[in-house]
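To start, the structure itself, in structure tokens.
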Amino acid sequence: MPDPFGGFGWICRHTPAPQCNLFFSQLWNSDQSFSLGLLLSGSDFYAPYYVNGQSVHDDPNVQAARADSGTGVRANCMIPHGGHRGSVGDVALIVIASISVLLAVLLLWHAGRRKAAVGRIEIQSLLFVYGLHTALSVVTMSSLLEQGSKSLAVLSSIHIAVIVVLFWILLGNAIIVTQFVEDGTPAALVPMALFAVLFFIPTLYIGLDTSLGFSDAFVLPNNIQAVDLKSIGLFCLTLLWPALAALLYLVIMVYVSLGILNEVKPAMLYLLAGLLFAAGQLIFFLASQPLCNASHGKVNGAFVSVLLDTAALGTIYWAWQTITEDDWE
């Protein structure tokens, strides 16, 4: 990516990432001339509105451009806000995410029946948080809420905090499987919950401060371009940390499968889950704009990413079944 470390400019021009809603909110609600950089007609999506350096914030064209905006910042192609420009939002994402939530609930119930399985409570926690993350993706990534609104800013902040917690719980599951501490006991559950809170609260605060401007700590410089977004805190917490946690999880689980249990099948399943997750991320970051252009603003890479992420989660659950006791008593 051409962005410097901590940069979101390229990401927000090419993906419907929830972090982009935070930057949009900050820019739109900041100095009027600064906020107009969001909507300049250099973007193909905004070309019909003829917004330029002489436009004013209250111009009907400017207001219409903001009202029609989808998820992203100055992307050439976006799925318009639901109810605008003939859009009903990202229907594909809404459908796939809804199915994914139902699958997470089903697996949560199924895991609850395996009373003697190692890491049962921990994997139920993973399934619950994944279901919450997927449900939030419907409202933060599918163009259902108006860009620049406080409700979208708050929900997007919660969403990114849930994502960060999700990857901590994923890594926590790997630690529990090593039997470093006994699963299901306070020694395992209390640290997992404590670190989840320690990840959630700072990420939530950074998201809210970035979007709503409680302080000047995360305010973009007034001379920055709307395409040069940057937040090192958000970058580390929401992009680097998930990648690191997923990699560590994969390494630990393959080691446990091959090195401790001497089982090939679960190791292959964990590797498959890793490949599915990686493929989902590649499609999300690299194929969202091509898919949006090809569909004339109807879909992007988000629904494929959620589909592959859910397949990865299902594969993880399958692998967990193969390495745990099959005692249903």
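Glycine residues also receive a Cβ, built from the backbone N, Cα and C atoms like all the rest.
Where the annotation comes from TrEMBL, it is an automatic prediction and has not been curated.
Positions annotated as transmembrane segment by TrEMBL: 91-111, 123-145, 152-176, 188-208, 229-255, 267-287, 299-320.
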Candidates 123-145, 152-176, 299-320; stretch with most C-beta pairs under 8 Å toward the transmembrane segment (91-111): 123-145
Same-chain residues near the transmembrane segment (123-145), Cβ under 8 Å, at least 6 residues beyond its ends: 16-18, 21, 70-71, 78-82, 87, 89-90, 93-94, 97-98, 100-101, 104-105, 107-108, 111-112, 151-152, 155-156, 158-159, 162-163, 165-166, 169-170, 172-173, 192, 302, 306, 310, 313, 316-317, 320
